[in-house]
């Protein structure tokens, strides 16, 4: 028996639903454009730097705070660093942090929500108590304090872990609710009677049936995580010099936003573009999986 059949989902039905979701998503032109732009930005920020005549650390003392030109496409900053190379480096850090935080937080939400919803009882109460506790903790302040004295590559890892630790609670509640309804389904009961272990039931029968929610959650969390990292780096608690992120570039360009606007506008514009594309793709994916969500949002407006 195939995995899809074991999970209580007919293979043909599963394939047709996946095809239907994809067709709905493709019909959303803004979402497709956003997805293509997001992919191009991600690939470009890693593929273009080796092709540039300047790295983000090179200094051009003959071009201090020069406006955009054929030599420096985005201009230069006060140190003579090429702003295009700096922006690509900042995109690397910000998008890497956003993707890692989204994946880790979604994984935690899936595990915690599935365990709480499937077992219930004291496990459910204990895990939901942790969720409620983390929801009221001033996470931004704690992350700022914890990352203040970290430097080097360890600082980036600490930042990713802390952002992920405080980003999974709402999603875990959604997974818990879905798991509580799935645990009473016939295919889960049959697997339990056949002696299948609880871990295997959760991994093979429960999580595949909430995968669409997890994918949507991951997509939407990318933009949220990038904004969180940008805010921390802007205040000096995220990525540290000599490395850069979009947050540090925006912070460096803010004092000269009116006199040398390109130093601020290009990093800020790229940040807005990334977050907007991630949110458009995530919203469209949610509408493709659950078309009723669009109607509900329309009524709310």
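Backbone N, Cα and C atoms are what each Cβ position is placed from, and that goes for glycine too.
Fair warning: this is a prediction, and the values are worked out from it, not measured in the lab.
Only residues 6 or more beyond the boundaries of the transmembrane segment (32-52), in the same chain, are considered here, and those with a CB under 8 A from a CB of the stretch are 25-26, 82, 84-85, 88-89, 91-92, 95, 270, 273-274, 276-278, 280-281, 284. Residues or ranges marked as transmembrane segment in TrEMBL: 32-52 (among others).
For 95-282, the entry in TrEMBL reads domain 'ABC transmembrane type-1'.
For 96-119 (among others), the entry in TrEMBL reads transmembrane segment.
The annotation transmembrane segment is assigned in TrEMBL to 126-146 (among others).
Taken from TrEMBL, the feature transmembrane segment applies to 152-170 (among others).
Distant neighbours of the transmembrane segment (206-228): 3-4, 7-9, 21, 94-95, 97-99, 101-103, 105-106, 109-110, 113-114, 118, 140, 163, 167, 171, 174-175, 178-179, 182-183, 188, 246, 271, 274-275, 278-279, 281-283, 285-286, 289; these residues of the same chain sit at least 6 beyond its ends, with a Cβ under 8 Å from one of its Cβ atoms. According to TrEMBL, the transmembrane segment annotation covers 206-228 (among others).
What TrEMBL records for 262-285 (among others) is transmembrane segment.
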